Amino acid sequence: MQVPRVKLLMGSGAMFVFAIIYGWVIFPKILKFMISKQVTLKPGSDVRELWSNTPFPLHFYFYVFNVTNPDEVSEGAKPRLQEVGPFVFDEWKDKYDLEDDVVEDTVSFTMRNTFIFNAKETLPLTGEEEIILPHPIMQPGGISVQREKAAMMELVSKGLSIVFPDAKAFLKAKFMDLFFRGINVDCSSEEFAAKALCTVFYTGEVKQAKQVNQTHFLFSFMGQANHSDAGRFTVCRGVKNNKKLGKVVKFADEPEQDIWPDGECNTFVGTDSTVFAPGLKKEDGLWAFTPDLCRSLGAYYQHKSSYHGMPSMRYTLDLGDIRADERLHCFCEDPEDLDTCPPKGTMNLAACVGGPLMASMPHFYLGDPKLIADVDGLNPNERDHAVYIDFELMSGTPFQAAKRLQFNLDMEPVEGIEPMRNLPKLILPMFWVEEGVHLNKTYTNLVKYTLFLGLKINSVLRWSLITFSLVGLMFSAYLFYHKSDSLDITSILKENNKVDDVASTKEPLPPANPKQSTTAHPVQVPNTLIPGTNPATHPAPHLKMEHRERY
C-alpha cells in the first residue's frame, strides 16, 4: 500500500505548528489567566484566608552585642563586642478589622505580630543571660536633647539622676528584661526635674514603655510591640488588576508619609511584604513597605535557585549608599547637604523613630569599612548576614526568606550628662534580628502539583508532539526524494511490453534472395536483460540478428 505522502507532510507540519503555538503561547496564557483568577484577596478565596491568618509561625531570631569593656568605652576607648544569640521566637502574624472597598478594589486591615519564646530552639541559651548594652533611656534621650533641645539639658540631666540613681552609660540586664519583660522606670519622685522627665512616659511619647501603675513604667525594646497594633494598612485586592495585588495605597489612613524632607521618599512602593502579585518579571524586583524603617525597600534579582526541587529566583537587598545615589538623597537630613547623609550601608532612623538610631545590615555587611574598624568583634559575611528571598515568579510565592536588620546607636559624647561626657563618637551595634520563613511540603505541594505538574505535562506533551512531527516530516521528505530520484520500473516495463506486442503483430516481408533459406537458426542470447523481460522479444542491441528486414 502506498503511503499518502502529501497527507503525511501536511499532518506532520500541522502537528509541529500546533506544538509550538500551544506549548509556548496558548498554554502559558491559559495558566497565567487561571492563576490571576485564583490569586486574589477576594473574600472567600483560599489566598485571602492564608493571607489574613498565616497558619504557621515565622522564625524570629535575636542576636545581641554584649559590650565587654563598658567602663573603658565610657572613657573613650574602642568598644569590644561579643555577639550573644540566637534567642529564638515563634512569630505569628494575623490581620484583623478587615474592611473591603469593592469600588476601589482595596482591603484595609490592622497588622498584628505575636512573639512566643521558643525555649527549645534557643538552647543552650535561656533568655536569662545578662547583657551589657548602652543605657536604652539615658543614652538615646541625652543625645536627642543635645541635638534638638540643648537648653533643657540641665533639667534632663538632673531628672535622669533622680529616676535612675547611680546609673552609668551602659546598663547590665537580662535579655528577657531588656527586650520583653521590661526594666523598671520609677517616676514616683516629686522633684520637678523628675516629673518633667517622666512627662514623656505619661504622654506616650516613649512607645517602648508600658505603664504598670500610677508611678511606674516598664521599658523594653519589644514588649509593647508584642501582640499589639503594628499599623493600619490599605492594599489592593488584585481582583480588577492582578498586577496590583497587595500594593500598599495607604498606611495609618494616609496615602503617603510625612516624615522625610522629599516627597519621593514618602511614597509607598510595593506590598506589605506578606503577599506579592503573580507573573512578575525578574527585573521588576520585589518591593515592600517596611513601617519599622518608614521606607520601602526593593530586593533585586541575584541568581537562579531551587527549593525542594522546584526552580526559583534568588533575590537580595541592601540599604545602598544614600550619599552616592541621588535617588536616595531624600533620606539625608538635608538633601542639599550631602554631609548630612549617613555612611554607606546605613540609614538614619531619627526621623522615623524619634531617637538617634541607625539601621544597617548585620555586622555592617556591605557597609562603609570604617564602621567595622570603629569596633572590635564584627565579622560580616554573606552567608550569615545577607538578606535573601527564594521566589517563584509565576505564582508569586516566596519559598523561603531571611530578612535581616541591625539596629545601632548613633553614639556621641554628651557634655551635660556626667556618665556620657567622654563617650567616643561612633555608630555602635546593639542587636540584629532575622525574620525567616521556610515553607514546608504542605504548602510547597500546592505549588508543585498545581503549577509545576501542569508545566511538566505541557513540556512533555509539546516536546513529544515536536518529536513525532519532525519524524513525520523527515519520512515524508524521504518519500518525495525517492519518488523524484528513481525510475518507476513497472511503468517502463509496461510501456516496453506494449511496443513489443505491436511489433509482433506485423506481417514479415519476403526474403530478398529467393534462394536463401527462410528458416534461420536463432542466436542464443544470454539472459542478461532486466529481470522479468523476455529475451526472445528483447534481443541484445549489440548482437547481430540472423533475420533482417528490408525497407
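Positions of Cβ are set from backbone N, Cα and C atoms, glycine also.
The topological domain 'Cytoplasmic' annotation in Swiss-Prot covers 1-7, 481-551 and is backed by sequence analysis. Taken from Swiss-Prot, the feature transmembrane segment covers 8-28, 460-480, and the record attributes it to sequence analysis. Look at Swiss-Prot and you will find 29-459 tagged as topological domain 'Extracellular', backed by sequence analysis. If you look up Swiss-Prot, you'll see N66, N213, N226, N440 marked as N-linked glycosylation site. Annotation comment: Swiss-Prot describes C265-C330, C294-C352, C332-C341 as disulfide bond, evidence class similarity to another entry. Taken from Swiss-Prot, the feature region 'Disordered' covers 502-551.
Structure coloured by features recorded in Swiss-Prot.
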residue	record	Cβ within 10 Å
N66	N-linked glycosylation site	20
N213	N-linked glycosylation site	8
N226	N-linked glycosylation site	16
C265	disulfide bond	21
C294	disulfide bond	19
C330	disulfide bond	16
C332	disulfide bond	21
C341	disulfide bond	22
C352	disulfide bond	20
N440	N-linked glycosylation site	9
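A separation of roughly 9 Å, to the nearest angstrom, links the Cα atoms of C341 (disulfide bond) and C330 (disulfide bond). Secondary structure at C330 (disulfide bond), taken from DSSP and collapsed to helix, strand or coil, is helix. DSSP assigns N66 (N-linked glycosylation site) to a strand segment in the three-state reduction. In the three-state DSSP assignment, the secondary structure recorded for C352 (disulfide bond) is helix. Listed in sequence order, the recorded positions near C294 (disulfide bond) (C-alpha within 10 Å of its C-alpha) are C265, out of N66, C265, C330, C332, N440.
With respect to their backbone Cα atoms, N440 (N-linked glycosylation site) and N226 (N-linked glycosylation site) stand 26 Å from each other. In this structure the alpha carbons, written CA, of N213 (N-linked glycosylation site) and C352 (disulfide bond) are 29 Å apart.
Closest in space to C332 (disulfide bond), of the recorded positions given as N66, N226, C265, is C265, taking the CA atom of each residue.
Taking CA atoms as the reference points, N226 (N-linked glycosylation site) and C352 (disulfide bond) are 19 Å apart. The DSSP secondary structure for C341 (disulfide bond) is coil. Note on the topological domain 'Extracellular' (29-459): mean pLDDT across this stretch is 92.
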